[in-house]
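Data block below; observations after.
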Amino acid sequence: MNNYTGQSGFTLVGLFSQSKHPALLAGVIFVVFLMAFSGNALLILLILFDTHLHIPMYFFISQLSLMDMMYISVTVPKMLMDHVLRNHRISAAACGMQMFLYLSLGGSEFLLLAAMSYDRYVAICHPLRYPVLMNHRVCLLLISSCWLLGSLDGFMFTPVTMTFPFCGSREIYHFFCEVRAVTKLSCSDTWLYETLMYVCCVLMILIPVTVISGSYSSILLTVLRMNSAEGRRKALATCSSHMTVVILFYGTAIYTYMLPNSLHSPEKDMVVCVFYTILTPLLNPLIYSFRNKNVTEAVKKLLGMSILFQEIVK
């Protein structure tokens, strides 16, 4: 405690310091950010304005796209601006806000993926009861629960982490204020806090994974009993898309928050975080929706209306 600096703010070491070609990497990340943001924004607009997409599955997908837009916006713009301006400082308030949003959105997405798997379970295993079991009120309740329960992570961990005393170096070996990276800078004993955080993360991951595993196990058994080959193909195509996202998102989260510290290094942690903070928001619109016939038809309709409008203007 005698070495407590009393400074405010931190320095983000960042992803580019580990790269031999930082300018190229920054250009790639900028393009990925634009593609992810525009892809998710387009998907939200299509679901909002096309009445054929006003069903629970697409309602959940629109919420996933909203979370992904916010998720990638929390980290990437700051990282790119730091690289361009050569200023890697971040204030304590901005660091706390970034940490809160990152934890809240991550927790919400964990729960939302479980809700989406339940939606597919009801649609495939109980199709006749689907309109009743997944009515508008139930969908709103599930979405609200995902947002509220997911934000508990942010409310629990951000205030505690940001009130630790930080001694000596304030360099965060990450490209954003990731809670584990910030905790490592503390000069106090954080063993109890890290244990509590580990238990909470295990529960936040284990409960949705249990729901997802149970849902898709039941779906698989139902699909195998289907007489229609076309029905089996459509059901498996939908579920395989969902499982791709689930494995990518939960796999990286398990590595980050459940594996022992001996398997971690700042370089590995940053690379893994790239997958679920930058690449997952890019892949979700492609995996979930743009391979979907209803969505592609909505895109064609939107393009047709755009061409017609241009002709009218001319």
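A Cβ is built for glycine as well, from the same backbone N, Cα and C atoms used for every other residue.
As annotated by TrEMBL, transmembrane segment applies to 23-48 (among others).
The feature domain 'G-protein coupled receptors family 1 profile' is assigned by TrEMBL to 39-288.
Taken from TrEMBL, the feature transmembrane segment applies to 55-76 (among others).
The transmembrane segment annotation in TrEMBL covers 96-118 (among others). Note on the transmembrane segment (96-118): residues 57, 60-61, 63-64, 67-68, 70-71, 74-75, 78, 90, 142-143, 145-147, 149-155, 157-159, 161-162, 176-179, 182, 204-205, 207-209, 211-212, 215-216, 242, 245-246, 249-250, 253, 276-277 of its chain, located 6 or more positions outside it, place their CB under 8 angstroms from a CB of the stretch.
Annotation source TrEMBL lists transmembrane segment at 138-157 (among others).
According to TrEMBL, the transmembrane segment annotation covers 196-223 (among others).
The annotation transmembrane segment is assigned in TrEMBL to 235-258 (among others).
Look at TrEMBL and you will find 270-290 (among others) tagged as transmembrane segment.
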**Message:** Can you work out whether the transmembrane segment (270-290) touches the transmembrane segment (55-76), with the criterion being 3+ CB pairs under 8 Å where the paired residues are 6 or more apart along the chain?
**Reply:** yes
**Message:** I'd like to know the mean pLDDT over the domain 'G-protein coupled receptors family 1 profile' (39-288).
**Reply:** 88
